[in-house]
Amino acid sequence: MGSGTPSFLGLLCALLTLRPGSGFYLPGLAPVSFCPAGSSSSDCQVNIQLFVNRLDSIESVLPYEYDFFDFCKDDQEKRPSENLGQVLFGERIETSPYKFSFMKTETCAKVCTKSYDVSKQEERTKLEFLKKGMQLNYQHHWIVDNMPVTWCYTVEDNQKYCNPGFPIGCYVDGNGHPKDACVINAQFNEKNTFYVFNHVDITITYHSGEGEGWTGARLVAATLEPRSYKHEDENKPVCEGEPMSIPGITNSNVKITYSYSVTFTKNNNIKWASRWDYILVSMPHTNIQWFSIMNSLVIVLFLSGMVAMIMLRTLHKDIARYNQVDQEEAQEESGWKQVHGDVFRPPRNGMVLSVFLGQGAQIFIMTFITLSFGGEKWKTNVLLTALLCPGIIFADFFVMNLILWVEGSSAAIPFGTLVAVLALWFGISVPLTFVGAYFGFKKQAIEHPVRTNQIPRQIPEQSFFTKPLPGIIMGGILPFGCIFIQLFFILNSIWSHQMYYMFGFLFLVFIILVITCSEATVLLCYFHLCAEDYHWWWRSFLTSSFTAFYLLVYAVHYFFSKLQIIGAASTILYFGYTMIMVLIFFLFTGTIGFFACFWFVSKIYSVVKVD
């Protein structure tokens, strides 16, 4: 039997859930103070370094490193250290040639010029890849002082939305319809034409430190406006005039000059500790989240009322009646007591069930010992717990990594990182599983409250609603109803590159999910036992774990209705990652339902008299 120690599956689960939706550093790092050049203070910096991260798109799952596109590069490129989660999900942060001095305003400063000779295959390939990136709406992600450089614009109802990224360009199709960001400028109107955002107007907002007790200023916001200018003189760029356009069918050489302007603005009303708020406030999800919580609470209250009625009224009367009647009268009774001699009979394929429970318990970060069905083949059990589900996920992960590698995506895991993941699995997870199993099997076996008959009792003919499949299908509906709104925001953070920050709501929904899975499984378990069907082991696991099936259906719906992903590789990657999440959720919810049902069955059979 698998132990309660953290597993490789739990590690991957944690990495998946900790994946930042926007791919930026999280707030909470040490503050940095800045001073103008010539300042006498040695406690602050003058230079501001702008970092660039990978580029991604809602139309493609494949992220690419900044260097994969032919943008301006830093001559002294440095990469800050990245954690394992960032590497696994393709984060590639590096320095950029955009370097500023605090309080020094720059106007239309040149960064570099890129020339493309279409007669040379290598340069034509680079240009075509840049055009493909604009067609798929790939987004830059820039970082200043560990916070994202945002593009803020007005959306519906005059609301301001701040996007932690901005497009590399846009495309006007052959019918003259502007796509994506091309709608922001009426000059973007030529058919079958790409427009490169080769200029950015950057505004850095700072808090001067007045009245705060620190030396120097601290950056509290960084915003930009992407522009497109066709600089006629690359040595003396002028940020005005016609946009930088590239024909869809390019037969002549192309030259793109990149430039920027930067200004500094003081705002002492924004505290450094709350400098991310302007991004989060622009995401009006709070009302929807409260609606989701109230909807889930109604479901929980309904289920709790049903369980309370069963526990306090029906079940109490059953126990009192069963304990008062004599043996002859009891033989004429029907109900859950009649299967007391079979209710703890080990199920078919108990080995697989115990492996699933071991993995589910690890995902749920449990520390108690999971059930052991008679201790049969315990070595095989431990091996399967350590290798079966993690092996399936790793195989899925490895196949997707091959696809990413072939496509040249930054999300392709380097060989060294892959070895590190395997080392974590076989060097930490597997040994800890054996350690947990060693101590688990030294414990005294769980004693059931009633003895198991040698001959199985015949199960009466069941009605449609007490048959296994209808009950399992119904059992997953209520838990899914509690989480599907929250699931929408989680999928948005993963696939639509939106920030997810409402972890308080997520924790409440997590608690509601645990309660709902437990109560729904207990209710259905009681109904089945009353129908004298004692095959509750697998049914209790599958009743709540069937929520994962609805998760899969919702993920398919989300793919076709909300995403604009194109290409076979991106589609395979989407469903590959989705299957990992579904498997983890299957084990997680199934384990909750099983242990709730096991506690319920053990409790009710421990308080009745059995001759």
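The backbone N, Cα and C atoms fix where each Cβ goes, and this holds for glycine too.
The signal peptide annotation in TrEMBL covers 1-23. The feature transmembrane segment is assigned by TrEMBL to 290-312, 351-371, 383-406, 418-441, 472-491, 503-529, 541-560, 572-601.
Using the rule of three or more Cβ pairs under 8 Å, pairs at least 6 apart in sequence, the transmembrane segment (572-601) is not in contact with the transmembrane segment (418-441). Highest Cβ pair count under 8 Å relative to the transmembrane segment (472-491), across stretches 418-441, 503-529, 541-560: 541-560. Among residues of the same chain six or more beyond the transmembrane segment (541-560), those with a C-beta under 8 A of the stretch's C-beta atoms are 353, 356-357, 468, 471-473, 475-477, 479-480, 483-484, 487-488, 491, 495, 517-518, 520-521, 524-525, 571, 574-575, 578-579, 581-583, 585-587, 589-594, 596-597.
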